[in-house]
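Here's what TrEMBL has on this protein:
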| type | residues | note |
| --- | --- | --- |
| DOMAIN | A:12-448 | domain 'TRAP C4-dicarboxylate transport system permease DctM subunit' |
| TRANSMEM | A:6-39 | transmembrane segment |
| TRANSMEM | A:65-87 | transmembrane segment |
| TRANSMEM | A:107-137 | transmembrane segment |
| TRANSMEM | A:149-176 | transmembrane segment |
| TRANSMEM | A:182-208 | transmembrane segment |
| TRANSMEM | A:229-250 | transmembrane segment |
| TRANSMEM | A:256-273 | transmembrane segment |
| TRANSMEM | A:285-307 | transmembrane segment |
| TRANSMEM | A:327-352 | transmembrane segment |
| TRANSMEM | A:431-452 | transmembrane segment |
Amino acid sequence: MDNISIGIWVTGVMLLLVVIGVRVAFAAAIAGFIGLVWIFSAKMGFEKGFLVAVKMAGTIPHSKVSTLALSLIPTFILIGFLAYHAGLTRALFEAAKRWVGWLPGGMGVATVFSTAGFAAVSGASVATSAVFARIAIPEMLKLGYDKRFAAGVVAAGGTLASLIPPSAILVIYAIIVEQDVGALLMAGFLPGAVSALIYGGLVVLLAVTRKDFGPPVTGFSWKERFESLPGSFPIFFVVAIIVICIYGGVGTPTEAGSLGALMILIIALYKGMRMHALKESLLETAKLTVMIFTIIWGVLLYVRFLGFADLPSAFSDWITGLDQSPMITFLMILCAYAVLGMFMDAIGMLLLTLPVVYPAVMALNGGDAVTAADSAFGVSAVGCSIWFGIIVVKMAELCLITPPIGLNCFVVAGVRPECSVQDVFRGCTPFFVADVITIAVLIMLPGIVLWLPGLMGFT
Amino acid sequence: MSSSSTVLEDGSRLSWADRTLFRFETVLTLLGGIVILLLVFLASVNVLGRWLFDLPINGYVDWVEQAMAFFAFLGIAYTQRMGGHIRMDMLVGHLKGRLLWLSEFISVLLMLGVTLVLIYGSYLHFYRAFQIGDSSLDIDLPTWPAKLVVPVALSILALRLMLQIWGYLRAVKQGDDEPIAVPLIEDAATVAAKEAEAVMGSLTEEEAK
Amino acid sequence: ATEWNVSTWGKRRAFTENLEKLAELVAQKTNGDFKLNISYGGLSKAKENLDGISIGAFEMAQTCAFYHSKKNPTITVAELPFSRDVTLTRMTEIYMELFKHPLVVKDLARWNATLLMPTPMPQYNIVSKSDALNQLADFSGLRVRGPGGIMGVLSKLGAVSTGVPFTEVRQSMDSGVIDAASFAPHAHLATNSYKVGKWATTNLNLGTANCPVIVNTDALNALSPEHKAALLGSVDEALAYYVNNYDNNTTGKYEAAIKESGLTQVTFTAEQTAELNTLAESVRAEWVKENSGDFDAQAVLDFTKAQFAK
Ligand code: NA
Ligand code: NA
């Protein structure tokens, strides 16, 4: 059997293992190991092939994990776990309410913008939704907003956390495709802001067109507005640190993340966080870090096997050989992601698919050295790898609010017993439409993604 | 996708073994968390020192690269105990009773297999570095301690997996609905509630309402 | 048919043309019966290529001596500063002689590895984004990424060795994790270091990195006589092609890029060069002292030095 057939078989085994409920990291590691044994045995006999595979596999966990750029991940996670203790969520929501609450559907708009603000200290969408489900939903219900809408806007707002830095998932994407982490983080800013604006516009539109939508909150004086700001200053600090460090060339992304985490930690301690809460935050951070790193090395073991089987290049040859326009193929890939995302977690989905899909997308665009002018998607090779990263992360986020497994919706329903999961999914429908519009905009206007990285010299 | 679940306890030997190992795993995970905190301090001092006083930490890159294996691996068994390694539970979520425990048993057995292979392979990787005195690029830190963390942490994971195999076998035999010492499958809403709780940590009364 | 997996890293560039040409020649000579499949990073991390060869996971790989000096101490001799700028053709000859030295052969045999051919590179020069360099004392506190020999000399002037990954060089320089990178022209081009830098040295003669192509000894011995002949018989031609390509297409391109980006060119005076050479002398002596416990380092140094003097 040739290597490519082995590659396809082993990939099938991996998907089977994932479907029957083996932990994703280990399903990938098992498949990768079986694949290595298979390939080496075919070449040098089973006994020797097995031993070579064991030795090869044994180098991967340590070597893949000790990648400098990955050190960013735990700092981003820590920021998220500490942000709540620093009192940022309530302060943000309060400020947003006073500043934009007067708009039609004002509480919804305030929720969108405060989740967007919280996204700047949180790397995880699910956590953001969980926090705001406690803060924003009760207030909206009190004012007579529709239950489904209130739940939907919180679930959808949470997804902004993965585009607006800090974002663990963008870091993981950058590592997998070997693109500059800083460039990807900067690239996330504008699309995140555009997403938030589209969400906000949608809420206003809904409020204007529907009867009994829920009242705006008015009557805040300018003094009250300005008084609400200091509480949310740490957010601006974190954003400033990240921008100054990465864009201004003061430090690496890891250093930016660390400075942010340190500052949030100091504020949390000042706000009275106890030893117990710190310990819990560290445990949770460590657990999530281990989860992410395990899936990274597990999947990279499988990717190493793919390297030997040469499956990615075979796949991209096939994709580029299709008799249709590259854009159609690209849109079909995105649809495949939408379907896959219904059933899978974002990080797992990206890690499992990117090693094969990413080279294919790059090839579709015209290869590793193509200029924007000669390319299929109007972006240079470097631009394509950044642009595709943002789009695919946005796709993965979209899946957090679609049935049957929309994690953000489950979280909101879990926190608010009065909302059923069905309610939340229903409430998310308009935001699903908004996300599709956002993705279309990002595909048509790659400049939104590439402008900031372009200023840094990534074009 | 699920990422955390409950483990039931009782007075049996299995449960005792589970709790004892769990205490040990918790300490290791907390150690991993502390290493993360140290990384945060180190990186902050490095960037501030460099920016303000032009005094970076010598060998910063080497230290970070050596530290990573610690926080990436020390908590691996704890995460398994807590059901924290993500998976797709679309299918297993619908199984009940013996069939469920049988499928969990198979899944954990497969994990144990690959873990044992990796323990041996990563031990060899460590041993090569140890034998030749392999060192980091700039300040010649020995690389073997970080490489040793991998087989050690994976060995603890192997212990955890053996315990779970014991637990699932018992459950298959007894046909329990709620066996001890193994993470129970929870519906998405419960998982979500816990996810939320983890972020919130210590809530004040008022906010919890 | 025989297929060999070949592990290198990064993208196809001047640095990898010896491998690419070798693969082309071998396929030609055997009518496609012996294939070298070159993988850019798919088979191993750059720093673990020697491990991969030792394990037998792939049959051929490119590696650099300074990535793991303790694993291949003998060939780090070629990274020492000999204060001589020799042509790439001459570099090739020196390496080929060194690779046949019994102590070197023995050193690599521990990894089940045989040195097949070198990847000769011009003397490394520095691109830096720090303030202008006016005197040697300005090296003090400069954070530089570079191989052992150069860093040995520069650290005597107070420079700090900082080993960021190859792919992160530009970003590290941008953010100040490193102030300078020491590379051969092709690598300055590949990392875009010159787009961030403010000045570049033009006549540093403190050595280059030694990045040989190695093969798994068992795999080499298992080749059929025709295949083996095709492989070994193609080395000289592959190297000649490599050198020609490097001299004519890469070095000039780099020099033009430096000019176009407006970097200040730092050219060391005769006195400064003399001072650097004195430091280089002591770095060579230290190398001998450091390695004498493991092998006859003095003999290897003398041998290499004689080659450079020719
Ligand atoms: Na974020
Ligand atoms: Na979904």
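Placement of Cβ uses the backbone N, Cα and C atoms for every residue, glycine included.
The stretch from A:149-176, A:256-273, A:285-307, A:327-352, A:431-452 that makes the most Cβ contacts under 8 Å with the transmembrane segment (A:65-87) is A:256-273. The average per-residue pLDDT of the prediction over the domain 'TRAP C4-dicarboxylate transport system permease DctM subunit' (A:12-448) is 90, rounded to a whole number. Counting only same-chain residues 6+ beyond the ends of the transmembrane segment (A:6-39), those with a CB under 8 A from a CB of the stretch are 46, 49-50, 52-53, 56-57, 291, 294-295, 297-299, 301-306, 308-311, 314, 344-345, 348, 351-352. Same-chain residues lying 6+ beyond the ends of the transmembrane segment (A:327-352) with a Cβ under 8 Å from its Cβ atoms: 14, 18, 24, 28, 125, 162, 168-169, 172-173, 176, 292, 295-296, 299, 302, 319, 360-361, 364, 376-377, 391-393, 395-400, 402-405, 407, 439, 443. Below 8 angstroms of C-beta separation, residues 79, 86-88, 90-92, 94-95, 117-118, 120-121, 165-166, 182, 185-186, 256-257, 259-260, 263-264, 267, 452, 455-456 of the same chain, each at least six residues beyond the ends of the transmembrane segment (A:229-250), sit close to that stretch. When each of A:149-176, A:256-273, A:285-307 is scored by its Cβ pairs under 8 Å to the transmembrane segment (A:431-452), the top-ranked stretch turns out to be A:149-176. If you look at the transmembrane segment (A:285-307), the same-chain residues 6 or more away from its ends with a CB under 8 A from one of its CBs are 7, 10, 14, 24-29, 31-33, 35-36, 39, 56-57, 60-61, 64-65, 70, 73-74, 77-78, 81, 124, 168, 172, 175, 347-348, 351-352, 355-356.
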